[in-house]
Amino acid sequence: MKYNLNQLFKNHRIKGLSTNSKTVKEDEVFFAIKGQNVDGNDFINDALNNGAVLVITENKNNTAIDKVIYVEDVHKALYEAIEIFYPKKPKNLISVTGTNGKSSVVSYIAQAYSLLKKKAAFIGTIGLEIFGSNNIINDVPSLTTFDYLSFRKVAHNLAEDSIEYLAFEASSHGLEQGRLGKTKVNIVSFTSFSQDHLDYHHTKENYLLAKLKLFTDHLLPSGIAILNSDIEEIEFVKDYLHNNNVKFITVGKKGDLQITKITCSLTGQNIDFIFNNIIYNLHTLIIGSFQASNLLIAALTLYYTGFKFDEIIEALAKVKPIKGRMERIDGTNIFVDYSHTPDSLEKALIELKNIKLHGSKLSVIFGCGGDRDKTKRALMGQIAAKLADNVIITDDNPRFEDPKLIRAEIIRGIGTATYTEIASRAEAIKYGINNLKQDDILLIAGKGHETYQIIGDKKLPFDDSEVVRKYLFEISYTRN
């Protein structure tokens, strides 16, 4: 029997849709979808007990249960239902992918629109942030890329709130798993590419091709792709997009928007660049020369949505850094950064090494996550030993792995260089601070914005920035 979902939902006065039996609300429809690890059909009774008014499934074995309706394709039914319940989206959709830099770029884009008096929002690793509205959207997932239903719920609510611009991150996992569904966007960008997530994608080529799905599957025919020209695989990416009839522009030292000079300090940077044969200068409080391309990707995003470059530069000069991205703690020489890949750790260390005063030392504290890409651990140890004067190895979300073994894999990459191993991350931070001398710099890498430490299946409260602030206060109080 075929069902008219629109009529069916009207008959039952449906209030919403859900694919999670734990969070489904009263009078919502539960779609029993088989995922990679969990089958929603195993939780139909849970969903009904939690208030689901209907269950949609493609598993005929469950249709004997009252309120359970069989369809041939549950994903197709879900997409149809989404168009009924959450049809609206902000007029301008912008998506960003890349190994590093996604969170920074979507934040810069939304901030810049807001500074130009437009209502904007961004979605990503650090969550959902809305500019120009006091409304709060609940039930936001803690994923870099939301599942399609969650994305459309949020996008619909933002559109209802008159948000005009939505920038969101697209992770390789999210793209590979089809979390964006049939979403089409106006502008996409590629910030960077380096080794990560090989535990999931197995090869770097698979990882790259997963990211390129954003450009071939989700960009409107009238849209444009913005690429970082300094990506090592840029020629392959350009050929791939050209063969798929994707229009693109590049940003970087050899880009169509050409960065000609970057002057960095502990308080910010000056970026000189040429675009359309005009020389521009951008002064920003955001630290890190690797952020120059991120800022200018944001600049081109605004340009291709109708803004003039002079007003864009004026807005970007006022953009603030986001939590945990080269975050300088209260004017000290202590930085907290999310760098958790070999490439991002190397860039952060090189940046701080270049701007530290002659004769001062650079220290780094970091660990590696458990149950994640193991191949990067020794490499990150090698990078830290090469670039930092003092290396402190600690724990970072060990999950179900033995943290001592994770640290040992990192230390293997350090080789004969000296290092300090401190299991407790809080104690490692205190040790790093205690050993700082005048003008020394300390980088605390890996967790960035995170406010937890994952041990086993428990998320324990932990925030690098707050640990630093608390300890600095304790030191100050003791001295006074």
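These residue numbers are counts, starting from 1, taken along the chain as shown.
Glycine residues also receive a Cβ, built from the backbone N, Cα and C atoms like all the rest.
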Query raised in the report: Any idea which of 20-23, 176-179, 340-343, 396-399 is down as motif 'Meso-diaminopimelate recognition motif' in Swiss-Prot?
Result: 396-399
Report task. Determine which of Arg372, Arg412, Arg469 appears in Swiss-Prot for the same meso-2,6-diaminopimelate site as Asp396, Asn397, Pro398, Arg399, Gly446, Glu450. Result -> Arg372
Query - Euclidean distance between Cα atoms of Lys211 (N6-carboxylysine) and Lys102 (ATP binding site), Å - result: 12
Query - Shell list (ATP; ref centroid = CB of Gly98, Thr99, Asn100, Gly101, Lys102, Ser103, Ser104; cutoff 8 A) - result: Val96, Val105, Glu169, Thr191, Ser192, Asn294
Requested in this report: State which of the following binding-site residues has the fewest other Cβ atoms within 10 Å around its Cβ: Gly98, Gly101, Pro398, Gly446.
Outcome: Pro398
Query raised in the report: Excluding Arg372, Asp396, Asn397, Pro398, Arg399, Gly446, Glu450, which residues of the same chain place their Cβ within 8 Å of the centroid of the Cβ atoms of the recorded meso-2,6-diaminopimelate site?
Result: His340, Gly367, Cys368, Gly369, Gly370, Asp395, Lys447, Gln453, Ile454
Report summary line: Ordered by sequence, the long-range same-chain Cβ contacts of Arg399 (meso-2,6-diaminopimelate binding site) under 8 Å (at least 6 apart) are Gly369, Gly370, Asp371, Arg372, Ile454, Ile455, Gly456
Query raised in the report: How many whole Å apart are the CA atoms of Asp396 (meso-2,6-diaminopimelate binding site) and Gly98 (ATP binding site)?
Result: 22
